[in-house]
Amino acid sequence: CYLSFFPMHCMALWTGVCQAAMQHYPAAAWGHYDVCKSQVYSDEGLTWDYMACQPEAADMTQYLKVTLDPPNITCGDPPETYCALENPYMCNNECDATTEELAHPPGLMFDTEGRNPTTFWQSTSWKKYPKPLLVNITLSWNKTIELTEDIVLTFESGRPEQMVLEKSLDYGRTWQPYQFYATDCLDAFTMEPKTVQDLTQHTLLDIICTEDYSRGYVWKNDKTVRFEIKDRFALFAGPRLHNMASLYGQLDTTKKLRDFFTITDLRIRLLRPATGATMVDENNLSRYFYAISDIKVQGRCKCNLHANSCVYDKEKLSCECEHNTTGPDCGRCKRNYQGRAWSAGSYLPIPKGTANIFRPNVSSLGVANRKEARVCDNELLRCQNGGTCISNVRCNCPPGYTGLLCEKRRCESELGGCGGPDSGQAHLTPPSTSRLLLLLLLGSALLREASCRPAVL
């Protein structure tokens, strides 16, 4: 192909070659559990080899819905002027919801970073002090998500002196704390201060209070508040996450551990803004507020190891299920594929895992089809020699051909098999009467010995 002359043709051809090649490589060649099935040759011909699979990790903030409580907590209605926390006499920051350049709506927590000036969401000031300035920021996906990277919040104001990160596994009906943050954990939450480095494999699920992210900031990195996912992974996978096999093994066998990194919603509870001093300056309350410029949440759709892609359609995420499963999380069997109870795929044995594929019901087919697979289509897996593909599960071969894809010549014109001049086989002579009788007696004895019984239909 010469790309300068036939760009579209060559691109289509190259794509087809790549797709065909990918089907023959094991999962390990393409990353971690990113292939659901590959074609293999067996004694029965071309068949499918199924394996556990999961979607790639992605920036999940592009799929969420954000809700603030109270709803009117965003600054700008009415317009308000703010002072810098570190300099109470620098009061030139205005927030006005009616002017785009001066507005700070919630969506600015998730827009593109690197803009100048920085964009951010901002709350009203603490003008009702000493009543607490409380804000709940809820991130909802309407889908089960598995976290793969640290959750990172970047504050344009000082970092909160008290904050709680919470999670929900049931779409916001109930909540559990993920981590507490405070300048003084004992005073704020009656908890001993700890860091993620204090955790072990046995205490990984403990909920801790940390003081690492609640002090005032000087350098840019001090603006961030983290929930450390990777440090917790490292307790099993090693400091550089080189031993992912160990982590996958733990996730596969410990449901509580797997659920710990799984969410449908996150809630950020801001309980006390940065004050920068031991006492609040009641004469200048416009110094105290919350402002967040960025929230990072990396993860993947939870598909129970039955899908390697997730689609976003009509403002909803859903797994593109394989292995004869269905549902937003591939959490149930397809209709007529309930031959056994549903179960999630398994990371073990590494690296392919176990697909736990679901077979058709005996009642739906008359017999259990143990080799149900997509064996043909009209693209890469064409039936050969004029055969036609029937429902992607078999080729209807023309007279004279047989095989999974009609690739074998069928010889029926001669007694005893193929014996024509083009067959490559010697002509077979019929057996004598005495030999035929001996074969029948031997076959009858073998059948009695094997005790075969009819299949239950």
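Using N, Cα and C of the backbone, Cβ positions are placed for all residues, glycine too.
In TrEMBL, annotation is done automatically, which means it is predicted and not curated.
Note that the structure is predicted; figures quoted are calculated from it, not measured.
For Cys397-Cys406, the entry in TrEMBL reads disulfide bond.
Averaged across the domain 'Laminin N-terminal' (49-300), the predicted model reaches a pLDDT of 92. According to TrEMBL, the domain 'Laminin N-terminal' annotation covers 49-300.
Residues annotated as domain 'EGF-like' in TrEMBL: 372-407.
TrEMBL lists 1-20 with the feature signal peptide.
Over all protein chains present, the Cβ of Cys406 (disulfide bond) has 23 other Cβ atoms lying within 10 Å. Less than 8 angstroms from the CB of Cys397 (disulfide bond) sit Cys383, Asn385, Gly387, Gly403, Cys406, Arg410, each of them six or more residues away in the same chain.
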